Amino acid sequence: FASTLSHLRRTNTPIGRDGKLAKPRQLHNTHWGLVCPAETPEGQACGLVKNLSLMCYVSVGSPADPLIEFMIGRGMEVVEEYEPLRYPNATKIFVNGVWCGVHSDPKHLVSQVLDTRRKSYVQFEVSLVRDIRDREFQVFSDAGRVMRPVFTVQQEDNHDSGIPKGSLVLTKDLVNQLAQEQAEPPEDPRDKIGWEGLIRSGAVEYLDAEEEETAMICMTPEDLDLYRMQKAGIAVDDDNTDDPNRRLKTKTNPTTHMYTHCEIHPSMILGICASIIPFPDHNQA
């Protein structure tokens, strides 16, 4: 059964197996959470035949026209009507790599589009990438992008839901509702929260490799708590014990930007077969 599932999530790089180049076979930083680092055959196909990670998802694609209409309604000037002398510092907006228009207040536009995606008015697999340095805002809604889910972190205090800034959008109430649902499934499947409910509530967000470049992702919710305490001015003691099993943590840096997302679990980088190995974080036999 496991090998069938693994076979369904296999990817193949169309390069000659006898090539001398090592680069296409090596693991890249951007593969984190998208491609399993362990599950690859030995021999000629090593590193060319890969497997998707556990929660990795390949986008199906959705039409781009509604997105363009939405942004025109929010003050985007169409590229045909753009006068460079009037707005020399305007941000270019690209939809699926095509320059569609410009906007003079990109921060506001990005927050609006992001908000509509979190509220599921825009397809969850749409990817939004703002490059402040190059003054570009890229929107991708095409098919074939590998994406992975992460928990979202509240960026501003939300008085409606009572979620403070810097906390996970996933609340205890939501987790309790999911647990209740597991114990007593509702009669009508439409009343179920499930995974779709987490996406609809904005607690979980799918990121692709491009958008991940612009995100600050912490490894565990514990790191988020430490960050909040540090920002509040509470001294955080570094763990100096001699316990060999303690988690290695990076030194706390007071100038760190606010985290935008949090990993669901670090073990989600593994593929289907690698994830059923007991103690994979210890030496291989």
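Here the Cβ of each residue, glycine as well, is placed from N, Cα and C on the backbone.
Where the annotation comes from TrEMBL, it is an automatic prediction and has not been curated.
If you check TrEMBL, you get these features:
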type	residues	note
COMPBIAS	1-14	compositional bias 'Polar residues'
REGION	1-21	region 'Disordered'
DOMAIN	2-58	domain 'RNA polymerase Rpb2'
DOMAIN	93-154	domain 'RNA polymerase Rpb2'
DOMAIN	195-266	domain 'RNA polymerase Rpb2'
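Counted with DSSP, the domain 'RNA polymerase Rpb2' (93-154) comes out as 13 helix, 27 strand, 22 coil. Counting residues 6+ beyond its ends, the region 'Disordered' (1-21) has Cβ neighbours under 8 Å at 35, 39, 44-45, 48-52, 56, 271-273, 276 in the same chain. Over the domain 'RNA polymerase Rpb2' (93-154), the average per-residue pLDDT in this prediction is 90.
Across the range of the domain 'RNA polymerase Rpb2' (195-266), the DSSP-based residue counts are 22 helix, 9 strand, 41 coil. Across the compositional bias 'Polar residues' (1-14), DSSP helix (H, G, I), strand (E, B) and coil residues number 7 helix, 3 strand, 4 coil.
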